[in-house]
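Engineer: Attaching a single structure in C-alpha cells format; questions to follow.
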Amino acid sequence: MSKPKDKERINEKRRAKFKELQKKIGIFFTNEKLLIQAFTHSSYVNEHRRRPHEDNERLEFLGDAVLELTVSQYLFKKFPHMSEGELTKLRAAIVCEPSLVKFANALSFGELVLLGKGEELTGGRTRPALLADVFEAFIGALYLDQGMDAVMQFLGQTIFPKIDEGAFSHVMDFKSQLQELVQRDGIGVLEYSILEEKGPAHNKEFVSRVSLNGQELGIGVGKSKKEAEQHAAQMALQKLKTIGKE
C-alpha cells in the first residue's frame, strides 16, 4: 500500500510533467483539470472510485471532430486544386491511428497517461489505440479550454509542418494536379528530368526537375524517381499558386 508521502511525490512529479508539456508547446491551460482529464484512461477511473476522476472518452469524441475540421480547413486552403476525393484521402492519412500515434510519441504523451495497474501491466502505455485516443482527447480539452485558435496554434507545431514537409506525399498525386492545372489553363507542356542520382544502391537519392515550356518550375528530392518527381510537382504547384496571387 502506498504511503501518503509517496502519493504526494508521485502527484508532484505528474504536475511537473504537465507543466513541462505546456511549456514545450507554449500553451498554458486555464483549467488544468481538463488537461489532466485528457490523459486519464478509464482503467484509472475504475481503480480510483473514491476520488471524483473523469476519463478522457468524451474529450476524445470532441477532439476527433475538432481535428477533422481543422485538418480539413488547412487542406482546403493549402491545396486549392485538389479534388474532394483527394482531400478526403489525404485527411484520412493524417488523422488515422498510426499518424496520431507518431504525433503523440513526438510529445511523449505516453509518459503522462494515468492508467490502472492492470492496463499498465499489459503495456497499455505504448498501445497505439490508447495513444491515438489521448491525442484526440488532448485536442478536445484544448478546444474547450482555449478555443479553435489555440488548437490551430498547436497543430501548427505538430501536424501542419509534417504536411508541408511532404510526410503524406505517398497519398498525394501532385503530378496529376499539376498536369490538370496546366491543361486547364492551356499554358504549355510539362517535362520531368532526373538531374542527379546519389548515394549507395541500397539508399539512393534522386533529384528531379519539372519544367514548363523549358522553364524550371520546381525541383524535388526523393528515395525514388517517382517520389522526387512528386516533390518537384508539389513545388511547381506552390510556385504557380504564388504567381496566380500576384
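Quick reminder: no glycine exception, Cβ is built from N, Cα and C everywhere.
Copying in the features that Swiss-Prot gives for the protein in this structure:
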type     : residues        : note
DOMAIN   : 18-147          : domain 'RNase III'
BINDING  : E60, D133, E136 : Mg(2+) binding site
ACT_SITE : D64             : active site
ACT_SITE : E136            : active site
DOMAIN   : 173-242         : domain 'DRBM'
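Thinking about packing and proximity, how do these listed features fit into the structure?
Structural biologist: Counting residue by residue with DSSP, the domain 'RNase III' (18-147) contains 96 helix, 2 strand, 32 coil.
Just so you know, the Cβ of E60 (Mg(2+) binding site) picks up 20 other Cβ atoms within 10 Å once every protein chain is counted.
Around the Cβ of D64 (active site), a 10 Å sphere holds 19 further Cβ atoms from the protein chains shown.
Helix, strand and coil content of the domain 'DRBM' (173-242), in residues and according to DSSP, is 33 helix, 25 strand, 12 coil.
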Engineer: To test your reading of the Mg(2+) site: which residues beyond E60, D133, E136, same chain only, put their Cβ within 8 Å of the Cβ centroid of those residues?
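Structural biologist: Surrounding the site, in chain order, are N56, E57, L59, F61, G63, D64, A132, V134, F135, A137, G140.
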Engineer: Around D133 (Mg(2+) binding site), how many other C-beta atoms are within 10 angstroms of its C-beta?
Structural biologist: 25
